[in-house]
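*Asks:* There's a structure below that I have some questions on.
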Amino acid sequence: MSTRLSKGGRLLDRSKALDFVFNGKRLKGYQGDTLASALLGNDQMLLGRSFKYHRPRGLVASGAEEPNALVHLGQGGRFEPNQRTTTTELYAGAELSSQNHWPSLEFDVGAVNNAFARFLVGGFYYKTFIHPRFAWKHVFEPVIRQSAGLGKAPKEADADHYEQAYDFCDVLIAGGGIAGLQAALVAGQAGKRVILLEQTPYWGGRAPVDGDVIDGRPAADWIAATVADLAKMPNVTLKTRCMAAGVYDHGYILAEERVADHTPGDGRPKKRLWRIRATRIVAATGALERPLSFAGNDIPGVMLASAVRDYVVNWAVSPGDRTVVVTNNDDAYRTAIALKEAGLAVPVILDARASANGPLPTKARAMGIRVEAGKAIAKVKGGKRVTGVAICLQAGEGAVLEEIACDAVAMSGGWSPVVHLWSHCGGKLLWDEAQAMFRPDATKPPTSHDGQALVYAVGAANGHLQATAILPDAAQGAAAAAGVTPSGVAAQAAPSDEAPLEPVWTMPQGAPIQLRSKMWLDYQNDVKVSDVQLAAREGYESVEHTKRYTTLGMATDQGKLSNINGLAVLAQSLNTDIPNVGTTTFRPPYTPVTLGALAGESRGEIFQPLRKTPINDWHLKHNAYMEPVGLWRRAYCYPKGGETHSQAVDREILAVRSGVGLLDASTLGKLIVKGPDAGRFLDMLYTNVMSNLGIGKCRYGLMCTEAGFLTDDGVVIRLDEDTWLCHTTTGGAERIHAHMEDWLQCEWWDWQVYTANVTEQYAQIAVAGPKARKVLEKLGGMDVSAETMPFMTFKEGTLAGLPVRVHRISFSGELSYEIAVPAGHGLALWEALMEAGQEHGIVAYGTEAMHVMRAEKGFIMMGDETDGTVIPQDLNLGWAISKKKADYLGKRGQERTYLASPDRWKLAGFETLDGSVIPDGAYILAPGVNANGQGNVQGRVTSTYYSPTLKKGIAMGLIKGGLSRMGDVVEFSAITGQPIKAKVVDPVFYDKEGEKQNG
Amino acid sequence: MLILECPYCGVKAEETELSPGGEAHLKRFGPGSTDEEFEAYMFARKNPKGVHFERWRHAYGCGKWFLAARCTATLEVFGTYPAQVSAPPQALQDKIKAKRPDWKGFQ
C-alpha cells in the first residue's frame, strides 16, 4: 500500500485540496502535488504497461528520468499523451488515463508477449520478420503498426496557444539547485547579466530533502535567503518551470517554460519557448540516481531510493509500509532514515559492499534498522506490486538466504551527473573510477566563437555529490564563466562523510541467465541485462549499434536511467573498460519539448508570411480559388455558379482564345540590372546574347547553373543604354537576384553593375486574346497598334490615365500585352481593363488556364519541363544558346560528355490515341527489365492537360530520341489498368506559325 | 547557431540571418578547361575538420557576401572579411597560424 501520510510534505499546501480523475476514478490531491505524488498518495502504484512485453509498470523516479509513469492528460483540444507524471503539476479537475494497455490497465491482453519474452530478445525485429519476404508487407508490418506507439495521438486541434521569446545574457545558469543558486550569486555580484533557469516550480533541488546544512542553517533557509537576494539584483532573471532543453553553437540555448500547464485554459500561453543567446553557460543540472540490476527490478514498488525519499519528504507520500533499501553507497541510507523518521518500517538495508560503517550506516543502525553488508537482492517477488524480496550474497550466484516481506524496494546504484548540456556542443567526458560515473572533462569543454570554453559544469553535474564540495565548485565555475576572479566566500555546507560506493552492475555479481533475463535496464522499452549481453555476443561492439539493436535508451526517457548500467554491462560482456565503450551521443532536447512550443505562433493564418498582389482583394471578391506559389497566393481559377474548377478553367481558356482575358501576372520576378558592364554581365548570366538587345525590345532568355542545368527563364527588356529589366519566374525572383549578386560580388567584383529586385514595385497584367488590342485602344492614351508596337517590343506611356509600360509578349500564344504599372495603380488598371473589355466578354483567367494555354503552345515551364537535371538542349532550346559567346554560366558544364550524349531524353509532344489525358508523372515504358527486375523506361511526361481548345488530351514529355521519334506510338504507364498508348508529335499544338501572337 | 560578424555592416549576425555559400576562394574554370579542372572546381571540396574558409551572405541584412575563417571542429571563428579577394588577408592567416600551429596553410 502506498498512502498519504498525515503529517509533513514540504511542498504541499494541505489547505488546498484538488480533485482529479484517473481512469474514471475520482481521487484527491493537494496543491503542490505532481501527478505522480497525487497518484501514489491514492495507492495508485500501477500506472502503465511497458512497450514490448506489456509488463505492469509503476513509478520508479520522481523527476525527468521517470521512464514508466506516462499518462494521457486532458480532454478534447487539451488532450496530450505521454505526460510525465513526475514532472507535471496537479491541477484541479485534471483528467488522467493510463496508456499502452488493452482492454484495461489491470488486465492487458498484450501481456501475452511477456510469456513469449524468450522469443522477443534484443534485435528480434531484425531476426523474426525477415522471412518469408512477402509477410513483412502483408502480415508483420500491419500487426506491428497496430501495437506500436506509446499513447494515443490527439484527435482535435490544440486548443492552447504557445509563444516564443528571445533573451540575452552574459551567463546562463541551467539548474536552480544549491549549485545554480550559488553560481547565480557569484555571477550576479560580478555585475553580469544572469539568467537562472529551474525546470521545477521550486528552488533548491535535492538539498532540503537530503537534509543539508548550509552556513549553519537548514538548506531550505539558505535557499530562501539566496533567492531573495537574487531577486533584488536587477541584472539577474529568475525563471522556474523553465527547462534548458539544448545548448547549440556559440551559446544559443533553447528553453521551454511551462507557463500555463498547471492552470489550463486561463488565457495565458500554455508554453513559452525561450531562444536565449548567452556568452557563457553554467550547467548546474545535478545528477540522476541509477537503478540496480537485480531480478524483478521492474515490478511496481521498486523505486529509486532518492525518489522514495522525495515522495516521503516533499509530498508526504509513503510508497509502502515496509520498504527494503538496497544500495551500493551511503546516500541511500538517507532514504532509510527518512522512512524511519516518517514512522514507516525498513525491514532491512541490503548493502552490496563488504562493509558499511560510515556515519550514515552507523546512524541507521542506531535507529534500529537492520543493515546487511555484502548482501544483495536475488529476486523481487510480486506481480503488479512488490510482495517481498529474496536475499542472497552479492558475491555469489543468487542462492536465497532469506525472504523478507515488503511492499516497496528503494534501490540506489550510485549517481550519474547530468552532462547533457555539457555534451550537446561537444564537451568531452571522463570516467571517474572512484565514483563510477562519467563526468565532464574540464580540459575538453565545448568551445564558443572565441575558442574559449562555452559551458562550465558545476556541482553534482560536475561530479561533486556532497554539498561541501558543490558550493565552492559552483562559485568557482561561475566566476570562470563570468570572467572574474572569485571574490568573497562561497557558502559552506556542513560536512557529511560518505564512504565510497562500489560499482555494482549486476546483482548478484554471478547471476545466472534466469536472473539476468529478469534484470531490467530500460524499463519502458523492455531491455534487460541479458539482451545487452546477447547483442555483445552477436558482435555489436559499438555502444551506438547496441543501442539501436536492443533499443536500450531509445524510450521517452532517452536513457537517463538505463544508459550507464547498459554500457557497463556491455563493457563487461566485451571484456573491456567502461571508458572504452563510451557513451551514446547526447542530443537536445534534455526532456521532450512540445511541438506546439516549437511552432509558437506560426500556425493557422499566420503559419507563414503571405505575399499578395495589389489585385488580390478583387480575386477574392470574384470567387477565385487561390493556390500557393511560394509565399504568393495566386488565383488558380474563378469558378462561376456551380462550376467545378476544371469547368472554370475550360471556360476561361475558350474565352481568351475567342475574345480576351486578364491574368494577374504581378508575381513575375522583375530585376533591374544597370551599369556600364550590365550587358556583359547579362551575356554571362543568360545562354543567349542580351548585350545587343535593342532599346525598346524584348528577348526571351534562359539561365543555367554553372553545372549547365536550366534554373530560370523569362523575358529580358532593355530600358536604356545601360539598363535592362529581367523578368524571372514567380518562384525565382529572390533566388535569381541572389544568384546575380553572388557572381557580381564574389567573381566579377570589378564589373560596374547594380541590381535591384523591383518585383513588388509593379503590378503586371496580361491582356490576352484576339480582342486585346481593342480593349487597350478603348482605354486610350497610347498607340498600341501592330505597326508601332510589333511583337517582342515594349513602350512606356499612359493607359486610362495611368503610367504604364506595355510589353508585346505572349505566354498564351494569343495576341497579348503585358502591362506593368506602379503597384499602387494595379487595381485601378485591372478594373479599368475589366470595364473596357465588357463589350468583348472579357474574363479574368487564373494560373491553371495560363498553364494549359502555354502547353497548347508548346512553351516550357520551369519546374514542369525542368527538374534540375535538364539542360536547354534537352528541351530543343538550342536556338536560345549562343554559339558565338566564348563563355556563359553553364557552357562548360553542358560540354560534359554525359550532357552532350545523343541518348538523353528530349522534349516532344504526345497525343493519346483515344484522346484521353495522360496521368501526371507517367513514365514511357520500354521493353525488358533493369538489373533490379523493374520494367525499363525511355522517358516521362512533364506536362499533361485536357485542352479545351483542341478538345483532347495533350502532353509534353521527355523521350529518348526526342523529336526524331515523331509518329512513333509509345506506351505510358498507368497506376491502374492498361498502359496508355500515345503518338509522339510536335509539342506545339496550337498556332504553329505564331500568326496569332505576332498579329 | 553560429554568429558571424558581417564585415560590411558590422552586424553580429545570427545564422538565421545568413545564407551559406560553401567553400570560399574557389577558382572558376570555364570553357576550355580540362575535365579534371572542371570537376575539381565544380565538385571537389576540402571539407576539412579544422580550419575552413567559407562563403556567407548577409541575406536578411545588408545583402553582401562575405567570407569567414572558422574551425569546423571547435566552432571558433578566426575572422570574417569581404569577398572581393582571392586569398584570405595575410594578417588573418598569421592569426590562424598562431592559434593552430599545425595548420597546413591556406592552400
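Cβ from N, Cα, C; glycine included.
TrEMBL labels come from automatic prediction, so no person has curated them.
As listed in TrEMBL for this protein:
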DOMAIN    A:170-422  domain 'FAD/NAD(P)-binding'
DOMAIN    A:517-600  domain 'SoxA A3'
DOMAIN    A:616-885  domain 'GCVT N-terminal'
DOMAIN    A:906-991  domain 'Aminomethyltransferase C-terminal'
*Asks:* Ranking A:517-600, A:616-885, A:906-991 by Cβ pairs under 8 Å to the domain 'FAD/NAD(P)-binding' (A:170-422), which is first?
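*Replies:* Answer, by Cβ pair count: A:517-600.
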*Asks:* Just give the helix, strand and coil counts over the domain 'Aminomethyltransferase C-terminal' (A:906-991), going by DSSP.
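*Replies:* Split by secondary structure, the domain 'Aminomethyltransferase C-terminal' (A:906-991) comes out as 4 helix, 46 strand, 36 coil.
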*Asks:* For the domain 'FAD/NAD(P)-binding' (A:170-422), would you mind checking the mean pLDDT of the predicted model?
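*Replies:* Mean pLDDT, the domain 'FAD/NAD(P)-binding' (A:170-422): 97.
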*Asks:* With DSSP as the reference, give the number of residues of the domain 'SoxA A3' (A:517-600) in helix, strand and coil.
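*Replies:* Once the DSSP states are binned, the domain 'SoxA A3' (A:517-600) shows 37 helix, 5 strand, 42 coil.
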